[in-house]
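These notes are about the structure you will find just below.
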Amino acid sequence: MVDRLVNSEANTRRIASVENCFGSSGVPLAMQGRVLVGEGVLTKMCRKRPKSRQFFLFNDILVYGNIVIGKKKYNKQHIMPLEEVSLESIADNQTYRNGWYIRTTTKSFVVFAATSTEKQEWMAHINKCVEDLLRKSGKKPVENHAAVWVPDTDASVCMHCKKTQFTFIQRRHHCRNCGAVVCAGCSAKKFLLPQQSTKALRVCDACYERLKHVPSSLGSGEDSAAATGAASGNKLNTTAGDSSNDEDSDEETASPGGESHDEPRFYGDNSVLSAVEDSSTITSPSSATTGSLEAPQVTPSVQSSPAAVATTGSHC
């Protein structure tokens, strides 16, 4: 079990190495009781394109970041509390494979592993950590999660009005409630979604109409959050652009398919698939083995969890 690694020198050394790789762009990760369970590279579907991201699984959080030049440093660190994490496997098809959803209340997206074995390892270890954490804390699993954004490339026209053609002038926008790609005219309103932000967020007209009629007496879940938003006063969208402020910027280059990557390495629990020996030290970001990552593609749909691969929230 990973518990026996809590006070081990190997665990302390691994966490210190992760902190060093993020440098000043990250926050301190070492804390009492925290164990680094595993690490490796996954392909994450961002808003515009799939990109390689370095993931670190701890016994209480999931951390990931951008891989910087040379694969020796990482930046744009993101931390997801495991008690909020829920996974859902995505069936393989002719276009993409080895993928699954990672969902939380504030952010949801899809990742792809290089092989089916790596997918099984990642999902098994994450689920095990979530189960252990919830059991120890006595908390119940989170039921409501942020929607997965439909990728920009999957919508050439507005998914709401079916008329507006997206161009350099007619920009794409994402509904923060359902994840659909919509035009400015079909997403001119904002609504407070408390689980995602303390500020009102852009939503499509369909979601706005539904959310504003949610009774304020509801006690929990998504409808409760919507009721809170309705009671707090929502407004027209006064911003000119889609202020998602994510890291999926045009100047950031996509990682080419088939790029070499670090094989995932897991520590301390040999009962979960092919975990490595406790004595293993953290993998050097520069060491790698070859694995083919296929670019994912999906059919967009407007629903609470669109069958699409992208990102939600303010970051990618």
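Please read every residue number as a count from 1 along the shown chain.
Glycine residues also receive a Cβ, built from the backbone N, Cα and C atoms like all the rest.
Keep in mind it's a predicted model, so treat the numbers as computed, not measured.
Per Swiss-Prot, these features apply:
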type	residues	note
BINDING	Cys158, Cys161, Cys183, Cys186	Zn(2+) 1 binding site
BINDING	Cys175, Cys178, Cys204, Cys207	Zn(2+) 2 binding site
COMPBIAS	244-253	compositional bias 'Acidic residues'
COMPBIAS	279-292	compositional bias 'Low complexity'
COMPBIAS	298-316	compositional bias 'Polar residues'
DOMAIN	35-131	domain 'PH'
REGION	215-316	region 'Disordered'
ZN_FING	152-212	zinc finger
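Annotated features taken from Swiss-Prot, shown on the structure.
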residue	record	DSSP (3 states)
Cys158	Zn(2+) 1 binding site	coil
Cys175	Zn(2+) 2 binding site	coil
Cys183	Zn(2+) 1 binding site	coil
Cys204	Zn(2+) 2 binding site	coil
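In this structure, the binding-site residues Cys158, Cys161, Cys178, Cys183, Cys204 were compared by how many other Cβ atoms lie within 10 Å of their Cβ, and the smallest count belongs to Cys161. Each of the binding-site residues Cys186, Cys207 was scored by the other Cβ atoms within 10 Å of its Cβ; the lowest score goes to Cys186. Between the C-alpha atoms of Cys207 (Zn(2+) 2 binding site) and Cys183 (Zn(2+) 1 binding site), the distance comes to 14 Å. Cys175 (Zn(2+) 2 binding site) sits 10 Å from Cys183 (Zn(2+) 1 binding site), counting Cα to Cα. Mapped onto DSSP classes, the domain 'PH' (35-131) shows 22 helix, 49 strand, 26 coil. In this structure, the CA atom of Cys183 (Zn(2+) 1 binding site) is 9 Å away from the CA atom of Cys204 (Zn(2+) 2 binding site). For Cys186 (Zn(2+) 1 binding site) paired with Cys204 (Zn(2+) 2 binding site), the C-alpha to C-alpha distance reads 6 Å. For the domain 'PH' (35-131), the mean pLDDT of the prediction comes to 90. Recorded residues Cys158 (Zn(2+) 1 binding site) and Cys178 (Zn(2+) 2 binding site) have their alpha carbons 14 Å apart, per Cα-Cα distance.
Rounded to a whole number, the C-alpha distance linking Cys161 (Zn(2+) 1 binding site) with Cys204 (Zn(2+) 2 binding site) is 10 angstrom.
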